[in-house]
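Take a look at this one; I'll ask things after.
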Amino acid sequence: MDIIIASFDAISEVNMDYTITMYLHQYWTDERLSWNSSIPIHEMTLSGEFSQNIWVPDTFLANDKQSFLHEVTERNKMLRISGDGKIAYGMRLTSTLSCSMNLRNFPLDSQNCTVEIESYGYTTSEVLMKWNYPRAVHGVEHADVPQFTITGYQTEDRVVSTATGSYQRLSLVFQLQRSVGYFIFQTYLPCVLIVMLSWVSFWINHEATSARVALGITTVLTMTTISTGVRQSLPRISYVKSIDVYLVGFNKFLMIVMCFVFVFAALLEYAAVNYSYWGRRSREGGKERWEINNEDQESAVNMKSWGVPSSFINELHESPSDPRTPELNSKSVPSSAIPKQQPSPILSLCPSGSKEIDDAPEYPRFTSSMRRMRSRPSFPVR
């Protein structure tokens with residue numbers, strides 16, 4: 001028996017299977033189909049439908065989930081008989097085969113997927129199956145597997161015992177190494193950039209609450225979205241994978257600080273700084289003093305020209321900034337420090353005590369009776 005690999009169509013981690021298109025060839029000898037050497041025909045190639053008229057092995061794929069035989073443009077089966085009774089029986093089929101995967105190291109993992117070939121009803125005492133060495137498998141070096149690289153393959157031959165007897169089983173094992181390039185650009189690199197983006201909040205003023213909180217929550221939600229997208233492409237398995245260690249930040253026995261923890265810690269850092277800052281302000285109770293700015297003093301109104309003593313001006317500058325403190329409320333400007341009002345240099349336009357200014361004009365009052373009179377209609381009297 002030999003196999004020619006046509007293509008690897010798909011590998012599904014969610015369903016734990018892979019799809020392969022191959023040519024399956026079987027060889028055996030049936031002396032009943034031999035003919036005399038006097039006939040000049042060395043071999044005959046017949047239609048695959050002729051296989052229903054002769055004995056053929058009941059071969060099946062033990063790990064098959066779904067298979068179909070190609071029928072374009074004719075049914076893809078071939079039967080070739082030689083004069084000495086040797087028979088070659090081939091077919092082209094596409095099969096979805098189960099592949100048990102260990103995803104603990106995902107996406108830096110390697111998998112072994114097999115093709116299990118076995119006789120369904122004939123035991124080892126009736127039919128023996130073996131690989132057609134040295135050309136048992138062809139086309140592996142030309143096969144292109146999505147997200148994987150075929151690092152090698154091997155063939156196995158063993159006997160499987162069941163309740164109905166012992167059967168010969170041939171196995172073809174593909175050794176697949178996952179290509180990490182896709183995950184570098186789709187998962188690892190975006191996560192690194194998001195973590196670096198979350199660190200930008202360390203340079204934002206802690207009083208800018210909306211900016212820091214929005215940046216922290218956005219990065220956390222983005223990391224959650226990436227992690228959810230990765231999990232949707234994987235089965236619901238209970239053990240922890242390498243991608244979980246990188247995205248979420250935990251392992252089987254030890255918490256590992258990774259992307260999600262970095263981003264979430266950046267958000268918690270702002271909460272801690274904000275709590276510490278406002279807690280310190282409330283404990284000090286407004287006792288902090290502002291530094292005296294000489295430039296502001298020079299540009300301010302010159303109170304010395306008003307006759308205010310210098311000692312009182314210094315007390316005003318050194319007083320607490322919080323007006324609620326009793327120290328400032330107890331301060332009052334002495335009456336002697338307030339200068340007397342100086343006469344204005346502008347000449348008065350009106351003489352002192354004139355009637356035009358002192359006597360206010362009298363205006364008629366608007367009463368409720370006047371309102372009623374105004375609301376009534378008036379008619380002319382003839």
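Heads up, the Cβ atoms here are built off N, Cα and C, so glycines get one too.
Just so you know, TrEMBL annotations are computer predictions that nobody has curated.
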Match it up for me: which of 11-30, 211-230 does TrEMBL list as transmembrane segment?
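Transmembrane segment, as annotated by TrEMBL, spans 211-230.
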Sort out the residues at least 6 away from either end of the transmembrane segment (180-204), same chain, that have Cβ-Cβ distances under 8 Å to it, and list them.
107-108, 147, 211-212, 215-216, 219, 222-223, 226, 230, 243, 246-247, 259, 262-263, 266-267, 269-270
